[in-house]
Structures are given as C-alpha cells and as structure tokens.
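A short worksheet on the structure shown next.
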Amino acid sequence: MVAETEKGCTQKYIVKNYFYYYLFKFSAALGEEIFYITFLPFTYWNIDHSVSRRMIIVWSIVMYIGQVSKDILKWPRPLSPPVVKLEMRTNAEYGMPSTHAMAATAISFSFFIATMNQYKYPFELGLAAAFVFSTLVCLSRLYTGMHTVLDVIGGALISAVLLVLLYPAWDTIDHLLLTSPFCPLVSIVVPLVLCYNYPKLDYYSPTRGDTTTILGAAAGATVGFWLNNQYAAPAHTGTSAQPGLPLASSAVVFVLARFFTGILVVLLARWLTKSAVLAVLGCRYQFPMGDLQARRRLEVEVPYKFVTYSCVGFTATVLVPLLHQLLGLM
C-alpha cells in the first residue's frame with residue numbers, strides 16, 4: 001500500500017497485521033464526522049433527549065477548545081518519514097492536542113455519566129465501555145501516524161479536566177438552554193462570533209472549517225431543543241431501549257426505523273442546504289460551486305458550513321422527531 005508524505009512523495013508500506021489495521025482505521029473513524037452525524041442523533045431519537053443534550057453541549061465546548069488550542073500551540077505532527085501516515089486530510093492541521101482523543105473521551109464519558117443514574121446497568125460495565133472506546137480512538141491516532149503519545153495523552157487529559165469542570169453546571173446549562181428566551185439568539189450569535197474570530201494561520205488548515213461545522217451543528221440542535229421544550233414536543237426517554245434489558249423484536253424494528261429514516265432526512269437536508277447556500281454565496285462572490293479555493297475563504301467557508309450544519313442540527317432535533325411522530329415511530 002501507499003501513503004503520501006508531507007512533501008507530496010509517496011511512501012510504500014506493508015500491512016502485516018490486518019486485524020490491527022482495520023481495527024484502528026475503524027477506531028479512527030469514531031472521532032470523525034461520520035460518527036458524530038450518526039451516534040449523536042441516534043441517542044436523541046432512541047435513547048434519551050436529556051442524555052443527547054448533555055453530550056452535544058460537552059462535545060461542542062471540548063472540540064472548540066481543542067481546535068483552537070491546536071492553532072495557538074502550533075505543535076507539528078510526527079514527521080513522515082520515518083512515520084507512515086495513513087490519513088492525509090488532517091495532515092495540514094497541527095498535532096497538539098489530539099481532538100480525536102478529546103472527542104472520544106468527552107463523548108464516551110459524558111454518555112456514561114449521563115446514563116449511569118437513569119438506566120440499570122453495572123457501573124463497572126459502563127466505565128469499562130467508556131474506557132475501551134476512548135482508548136481505541138487514542139491508540140488509532142498513534143497507529144495511523146497522526147499524533148505523538150504526548151498529543152494523545154494531552155488531548156485525553158484536557159477533555160477529562162473539562163468534563164470535571166462542566167459536570168457541576170450540567171443541569172444549570174441544560175435548564176437555561178431549554179427555558180431562557182434568549183437561548184435561540186445566544187446559540188446562533190456566540191458560535192458565529194467565535195467562528196469569524198478563529199485564530200488566523202499563515203496557510204489554510206481545515207481546523208476553522210471543522211470548528212464551524214461542530215459549532216453550527218450544536219447551534220442548530222440547541223435551537224431545536226429550545227423549540228421542542230416551548231411547544232412541549234414529546235421527549236423520547238428510551239424506555240424501549242434501556243441498556244441491560246433484552247430488546248423485543250418489535251422494539252428493534254422501531255429503533256432501526258427511527259434511525260434510518262432520520263439519517264436519510266438529515267443527509268438530504270445537508271445536501272439541499274449546502275447546495276443552496278453555496279449557490280447564493282457563489283453569486284455573491286462570483287465563483288463556481290466547484291472552486292475549492294474560493295470555498296476556503298473566510299467569507300465563504302464560515303457561512304456555508306455554519307448554515308449547512310445548523311440546518312443539520314435543527315433537522316435532527318425538530319423535523320425528524322415530527323416525521324417519526326407522523327409515521328407512528330415514536
């Protein structure tokens with residue numbers, strides 16, 4: 001197989017253990033958009049709204065701090081060669097801290113903390129599952145050559161500290177997001193300000209775009225949470241999918257139906273919104289939709305990604321549950 005180095009050269013490597021190769025390639029995907037756009041909505045549609053809200057709040061705060069830290073510290077990734085890098089998209093980013101490690105730690109342990117008092121399952125089992133999940137993602141960053149040990153340890157520790165600091169305020173933040181009349185305004189304005197004032201680099205890095213994606217999705221979801229609470233939308237409590245209880249075949253069917261219906265609608269909303277926003281911005285700034293360099297400009301990247309993923313978050317929390325209710329899947 002072949003990997004590309006920083007200098008654009010190709011570097012050949014041989015996979016000697018396919019179990020580790022596919023295990024860590026899969027584990028690395030657990031810290032990327034494909035995981036966020038499936039697992040976070042899944043918890044909202046099938047487990048518990050309150051659990052999902054807390055996870056999204058923690059995830060967005062942790063990821064913003066992690067992404068900004070990268071571009072402030074500017075610690076390089078491992079050199080290739082001698083390291084063989086199995087991913088190229090994130091190679092333009094700096095290394096410290098590992099946001100994969102931060103996200104995995106934040107999501108797994110916030111899920112564990114939020115569910116341990118609501119569902120009946122062994123404490124040790126939940127703790128072990130959170131530890132294994134985060135460890136696999138952390139190890140995957142070493143295996144794929146994207147981070148040093150220090151990057152991974154630093155990311156996990158920063159995430160753990162943020163979890164400890166945020167936990168006492170979870171209920172207060174959640175209550176304000178659901179009840180404050182200023183929630184929709186704050187949820188949109190604050191993330192936009194943060195995105196437009198993201199640390200500037202001498203060259204293009206995907207960190208600003210990724211940060212805008214995360215904050216946009218969280219903003220749209222937060223507005224959705226607020227609207228659902230204002231209009232007393234039915235909250236899914238996960239009674240049909242409690243951990244530790246055998247699921248009836250009918251419950252499994254409903255879970256899968258909610259998930260696949262929801263994902264199709266979310267992906268459709270993302271595609272339609274992205275196409276519409278890029279078309280508008282293309283007319284405004286005079287560039288074709290396929291112009292990658294133009295889409296990297298601040299005045300284009302921030303609005304197109306923020307609007308697109310705000311729509312994704314709003315669709316997942318408001319429109320999809322309404323569709324589930326209409327189809328009798330609640």
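Note: Cβ is positioned from N, Cα and C throughout, glycine not excepted.
As written in TrEMBL, here are the features:
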TRANSMEM  20-44  transmembrane segment
DOMAIN    52-167  domain 'Phosphatidic acid phosphatase type 2/haloperoxidase'
TRANSMEM  94-113  transmembrane segment
TRANSMEM  125-143  transmembrane segment
TRANSMEM  150-170  transmembrane segment
TRANSMEM  176-198  transmembrane segment
TRANSMEM  247-269  transmembrane segment
TRANSMEM  306-327  transmembrane segment
**Report entry** Summary of DSSP states over the domain 'Phosphatidic acid phosphatase type 2/haloperoxidase' (52-167), given as helix, strand and coil counts
**Finding:** 83 helix, 0 strand, 33 coil
Requested in this report: Among 20-44, 125-143, 150-170, 176-198, 306-327, point out the range having the most Cβ pairs under 8 angstroms from the transmembrane segment (247-269).
Outcome: 306-327
Query raised in the report: How about the transmembrane segment (150-170) and the transmembrane segment (176-198): do they have 3 or more C-beta pairs under 8 A, pairs 6 or more apart in sequence?
Result: no
Query raised in the report: So are the transmembrane segment (20-44) and the transmembrane segment (125-143) touching or not, going by 3+ C-beta pairs under 8 A with a sequence gap of 6 or more?
Result: yes
Requested in this report: Give, as a single whole number between 0 and 100, the mean pLDDT over the domain 'Phosphatidic acid phosphatase type 2/haloperoxidase' (52-167).
Outcome: 84
